[in-house]
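Read through the structure below, which is laid out as structure tokens, and then see the notes.
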Amino acid sequence: MPCCTGLASTHAERFYSAQHAIPENFILMPLSNLLHILALIASVSGLTLHESRAVAPAGFVRRGAAPESEQLTLRLALTAKNITGLEETMRSISTPGTAVFRQWLSTEEIKSFVEPSSETLAAFNRFATANALNATSISPHNDWVSLTLPVSQANKLFGTRYEKYSHRALAHPITRTLSISLPPELVGHVEVIYPSTNFFASADSPLSAVHPAGLQQRWTPAQPAASCNTSDPNGAITPSCLQELYGIPKTPTRFRTKNNRLLVTGFQGTSLRQNPFRYLSPFTLPSCTELVFAQDFLEKFRPDMPRDTGVDLIRLGDGSFGTNSTNSSAFDVFLLEADLDIQYSVGLATGIPVDFLALGGGELQTQFMDMISFLEGLDDPPSVISTSFAFNEIEVGDALAKKLCNGFMSLGARGISVIFAAGDGGVRGNHDNSTQCDLTTFIPVFPSSCPWVTAVGGTQGFSPEIAVNLTSGGFSNIFPRPWYQDSAVESFLSTIPQDFPGTFNRTGRGYPDVAVQGNNFAFISQKLNSKIGGTSLSAPTFASIIALVNDRLISAGKERLGFLNPWLYKNQVSFTDITAGRNPGFLCPASSVAFEAVKGWDALTGIGTPVFNKLVHDAFDACDY
């Protein structure tokens with residue numbers, strides 16, 4: 001009998017289709033001159049300008065009008081029935097001391113806030129019928145619809161001019177516009193039209209896996225470390241280092257349950273290149289050699305864990321990799337990200353069931369939409385989600401960023417802790433590059449800038465532990481500062497000199513919220529011991545800690561933590577304050593303009609690094625308010 005078949009039969013892959021049945025009542029030139037003309041057209045025709053940008057983000061080049069016959073698939077977000085009501089409810093159930101603290105909502109309760117009203121459905125129905133459009137609902141709450149139409153019709157209906165744009169990181173031009181409007185019948189009923197003014201180059205989105213030159217500089221063979229001190233170039237972080245630094249328990253979970261699962265997300269069709277633990281079906285198990293090799297990480301760094309420790313693989317979408325990249329190694333970059341996240345999730349969250357959600361098909365931003373829709377439709381969702389992918393805010397656009405952020409809010413209201421890596425470009429966005437080092441206008445990162453997620457920054461070393469230079473942090477240009485961090489952020493702003501040369505939005509949501517180690521993580525890939533840095537390792541580390549705190553709560557009959565931030569900011573005593581370090585970025589020199597870590601919250605390490613036992617104590621203490 002083949003030596004691998006026994007392990008492969010113990011789990012089954014799960015598949016999910018993003019399409020759902022539609023409810024019965026739901027039918028389906030020069031730039032300045034161009035913008036002026038579009039505005040004039042919108043005014044004359046009765047259209048209302050929905051979203052616009054002056055220019056495409058840096059690196060994108062206009063290549064002329066999109067062919068009128070090109071078939072364009074649009075996703076439209078229909079206006080939620082009562083998003084303000086959900087915000088108010090979320091504030092109450094996530095704030096310690098309220099009568100409804102941690103009384104998380106059901107799927108149906110979320111739907112009552114998020115689904116479109118009958119008026120919105122009727123308005124869209126009339127619009128679709130009048131224009132012979134076949135629309136399909138693609139979300140469980142029916143707030144996202146998809147339709148395909150010729151570019152010529154899209155231009156006419158939405159008062160726009162779709163064009164082709166190229167980018168050095170993209171193998172093929174993408175279809176986008178700088179301005180888009182709504183016809184009168186859709187005003188107030190549509191929140192997002194995608195794609196429209198959203199731009200991104202997908203190869204730059206994984207956080208620890210930067211563009212090839214940066215990856216080569218970070219990913220170096222690891223030597224046996226004398227200690228865990230990553231301020232020393234020879235130092236390396238391992239699971240045991242993190243357990244010692246933050247008091248993370250090594251003993252197995254007390255209460256293994258489907259209500260406390262840790263979900264790690266992967267995008268662009270990436271699965272686990274060689275699953276770091278074991279494959280879950282014969283379709284992904286190529287050989288016994290791969291299986292033995294895949295266990296090297298646990299055998300080296302967690303020999304106390306069972307050899308058959310595995311993850312549950314969930315595929316969403318068609319499983320294809322987004323091939324629109326000029327980087328031939330881009331797929332390996334995404335695969336590496338998956339391996340890193342899983343190695344440290346399973347290696348730290350001892351005994352906690354771990355899922356890996358592999359999203360594929362379409363563009364990266366549509367995969368974020370699909371991720372939210374998938375999770376919103378689960379009756380028993382995971383308790384914690386860790387994601388190490390991000391965009392610069394300017395690439396996403398206001399409308400889409402707000403819609404996705406509201407999706408993260410709905411997940412938090414279900415009792416899910418939504419955790420994102422802060423980014424690896426310091427004050428210069430998701431990733432910095434050498435052309436940005438003299439820039440003084442800071443670049444915020446999304447989803448870290450969303451107030452309904454927990455953003456994790458990075459540190460290095462110990463005694464003292466300091467902010468690592470690459471840790472992204474700053475202030476949103478889209479989202480205002482939320483209530484739970486108001487005093488903490490004001491205190492930080494008071495430390496910034498009057499003549500500080502950096503430009504940022506002082507009233508925006510500040511991030512990150514917390515931090516853990518983010519430099520020189522030891523890992524194993526293709527039988528090589530290596531090291532890598534980035535907040536993409538910080539996110540699964542913190543997510544594992546939260547999953548273990550949930551384990552203690554659930555075993556005592558308490559509710560899981562859910563949306564974390566109001567509780568975290570109220571319990572800063574559970575964190576070690578990080579007061580040294582700067583964040584100019586990974587590639588930019590230390591002399592570049594950046595924020596500095598200070599006492600209290602700062603835009604590098606948030607409120608600091610966690611102390612596990614204190615977190616557990618405060619988690620239980622909050623239940624007794």
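Numbers here mean position along the shown chain, with the first residue as 1.
From the backbone N, Cα and C atoms, a Cβ is placed for every residue, glycine too.
Summarising the annotation, TrEMBL assigns domain 'Peptidase S53' to 236-622. Annotated active site, charge relay system per TrEMBL: E337, D341, S536, in sequence order. Positions annotated as Ca(2+) binding site by TrEMBL: D577, I578, G600, D602.
A map of TrEMBL features onto the structure.
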residue: E337; record: active site, charge relay system; Cβ within 10 Å: 26
residue: D341; record: active site, charge relay system; Cβ within 10 Å: 31
residue: S536; record: active site, charge relay system; Cβ within 10 Å: 33
residue: D577; record: Ca(2+) binding site; Cβ within 10 Å: 17
residue: I578; record: Ca(2+) binding site; Cβ within 10 Å: 25
residue: G600; record: Ca(2+) binding site; Cβ within 10 Å: 17
residue: D602; record: Ca(2+) binding site; Cβ within 10 Å: 29
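For the Ca(2+) site, the Cβ centre of D577, I578, G600, D602 serves as reference, and the other residues of the chain with Cβ at most 8 Å from it are T579, A597, V598, K599, W601, T605, G606, I607, G608. Of all the recorded positions in the list S536, D577, I578, G600, D602, the shortest Cα-Cα distance to D341 (active site, charge relay system) is found for S536. Computed over the domain 'Peptidase S53' (236-622), the whole-number mean pLDDT of the model equals 86. Here the CA atom of D577 (Ca(2+) binding site) lies 21 Å from the CA atom of S536 (active site, charge relay system).
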